[in-house]
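One structure below.
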Amino acid sequence: GLFVTDYFTRTPRKLSPFRSFASIELFHFHIPEDTVIAVWNLITFKEQGGTFGDQCPDRSITVYFRSGAPSVINPLHTHFPRDTAVPGSFALTLTWTLPNRTTGVFNVTSPLPGDWFLAAHLPKDEGKISVKGLYEECQYLFQPQLIVQRLVNIAVLYPGHVTEQSMAPHNRSCLYKVFVPSYTSRVLVEVLRCRGAEGCPLWLRVRAKAPPLHNSTTLDCREHTPCQLAQDLPFWQHWYYVLVEKHPGVPGTVSFQVTVQLTDCSRPSLARPPFLPSSTSMNMPHSFGSAGGLALGDSPPPTSPNDTKHPLPIPVTLHTEERCWPVRPTLRNELDTFSVHFYIFFGPNVSVPPDRPAVFVINLLPVLDSGGVLNLELRLNVSSLCGENVTVFGCLNHGVPLTSGDNASVTCETESLAGFLLSVNATASLSRLRIPYPQTGSWYLSLRSLCATEHGFEPCTNVTAEVYLRAYLSPCINDCGIYGQCKLLRTNNYLYAACECKAGWNGWGCTDNAEAFSYGFQLLSTLLLCLSNVMFVPPVAIAVRSHYLLEAAVYIFTMFFSTFYHACDQPGIVVFCIMEYDVLQFCDFLGSLMSVWVTVIAMARLQPIVKQASVLYLLGAMLLSMALQMDRHGLWNLLGPSLFALGIMAVAWTARTIRRRHCYPPTWKRWAFYLCPGALIAAAAVLLYAFVETEENYFYIHSIWHLLIAGSVGFLLPPRAKPSRRLGPLPRRKGCGYQLCVNEQEELGLVDPAVASINSICTS
């Protein structure tokens, strides 16, 4: 056949260490139908400071692949919440082959068509808190590329018609596909009139949604006569692919005929005729209408006179176990993103009769609904059992409803399908199921009521169980609880939700408390971070005693907002916020930088040199506010104002030293007992803040930072300025002169100076 190659790529993204699913990088691809091979080229490279990061350490990169929805990953091996189903996915770990670049390849033969998702992350690190801009950080960039090769013009088989085929010696196989509509209980593929050099040297393979693989359902036509391959309970509204493959080493041409028959389970007495439209043209099974015969519009389309497809006789018998029951739709009510409720008509209480199942369908929209959590809840009304030992079984399956052929089966799986089984009875009347990141499409829920006996489960007689059914889509499991935050994330045009846990809690729903902080630990950390700000009380007292009232006001501002910011910034439940978090954070950062600014300006003693030194305080406040609004975590927000203030202080001290011809400050005691200890304490605080602080030791290292910074202010704040000893002006000699005593109202600007009266003329 003819192949077409398509190429897709994504923009490189920076990878982060794994903490929760909110820290991964998610990539969304779409694989077209009839794809025979998909190749992902996984490119990873290092960067440091805008150049290749040859000196960066090698860190392994884990990539996950899943079709239909994002992968539900658990690299930290935490516990999932109760009643949570975990779908599987592929995983691949990339190792480095070059100092700054590596490439991995992931091949998928005959991949399922539709949405595919890749998730990538780095290993979990120690959680070091680094100051932004302090050093060039190593960045690991990941870029996936997809190359697909798909077949075009695949021959389509029509149910009930024969397609003739001759396989030349140089050909190995022939590929066909047939569309399976809703309410189809069986697909039967048959090879007829096979003629070759060695009988019928053919293999027959069938697979849903994608071309068959070596492990697909296979039949050797040499060993089976007739060569028939049946698929029970096929996926509805999907293509089925039929591969007829020749045995290796068979000479000559092999000719055969292939046909497909579909069993329409919505008609108990008929199979699906040739070219019969799906019985879901009105979204209702035909069993709701006529009991037999053709419904309106059930006439086959005309065939071309030159068509090589010939109709076959239609069998009119159908086993009772192949009958499908009416599917009740649900009403979709969208409340918000990933907040969707599915209501049942004449519900939510559902009656489950003893002789047949009750089947419901939940339709999840493509792409839009796969980023949340599908929740299902069954609650049995015990009073409706009339004292019988009844158990209601629910089977939730994707693509096709699973109803038991026998009336006493409690399984929810077949050879090719596997669903999720729920059960409720008088003892356990409530059952829940949560499916994170569900596949989109149709989900079918089949409810059966069975009575427990000594010999197992048997059909009940004259007991109709009543079940409360609730199905809904939510962003996260239980909104991540009290120790987590449900975050709405986006990658390009795809939205998904994930939990970000705190206070040592982990897991998909923040329910794993293996490393959780106890209440006492949370209280201790909050008290340490808050009460350590009390260390600013001595600097406030020193500033007031030395008549540095402006500096004292700034220290009080810093102490107040730092205390309540850390009370609001706690990860656990010991949290107290008097304002919005963003306001508290801004005021805390501003107060900290202003404390440094006013302390250094006070140390410069600019008043005798610059008459309007107070302008510097106002200028610093405005510049610091602007810098914090631009980037609160930048390194230069701390270093820039500090270095500028230190430069002003150095210029002022140098000017005094030159004018006095003596080192300033002049006394060695001031250097030995105040300036040097204060500088050392401040330097130790900066080193702890920049290089030692991590997420694990944050509560006590940052508390020590509070103590050291406040202590350094107490040492560095200069003493009270001594009164000036300069002589006043000499007394004026007596002589002629006069002094005008102007009305006080004139100086206040209350009267016109032109009409101001002179109160007195004082002669001397």
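Note that Cβ sites are derived from N, Cα and C of the backbone, with glycine treated the same way.
Secondary structure of the domain 'EGF-like' (499-510) per DSSP (helix as H, G, I; strand as E, B; remaining residues coil): 0 helix, 4 strand, 8 coil. Taken from TrEMBL, the feature domain 'EGF-like' applies to 499-510.
Marked as transmembrane segment by TrEMBL: 516-536 (among others).
Per TrEMBL, the feature transmembrane segment maps to 548-567 (among others).
Annotated transmembrane segment per TrEMBL: 573-597 (among others), in sequence order.
According to TrEMBL, the feature transmembrane segment maps to 609-628 (among others).
Marked as transmembrane segment by TrEMBL: 634-655 (among others).
Per TrEMBL, the feature transmembrane segment maps to 671-692 (among others). Long-range contacts of the transmembrane segment (671-692) within the same chain, counting only residues at least 6 positions beyond its ends with a Cβ under 8 Å from a Cβ of the stretch, are 131, 134, 665, 701-702, 704-705, 708-709, 711-716.
Under the heading transmembrane segment, TrEMBL lists 698-717 (among others). Proximity of distant same-chain residues to the transmembrane segment (698-717), defined by a Cβ-Cβ separation under 8 Å and at least 6 residues beyond the stretch ends, is recorded for 129, 524-525, 528-529, 532-533, 535-536, 538-539, 542-543, 546, 548, 551, 555, 562, 566, 592, 595, 599, 602-603, 674-675, 677-679, 681-682, 684-685, 688-689, 692.
For the transmembrane segment (573-597), same-chain residues at least 6 beyond its ends with a Cβ under 8 Å from one of its own Cβ atoms are 482-483, 503, 519, 522-523, 525-526, 554-555, 557-562, 564-567, 617, 620-621, 624-625, 628-629, 632, 637-638, 641-642, 645, 709, 713.
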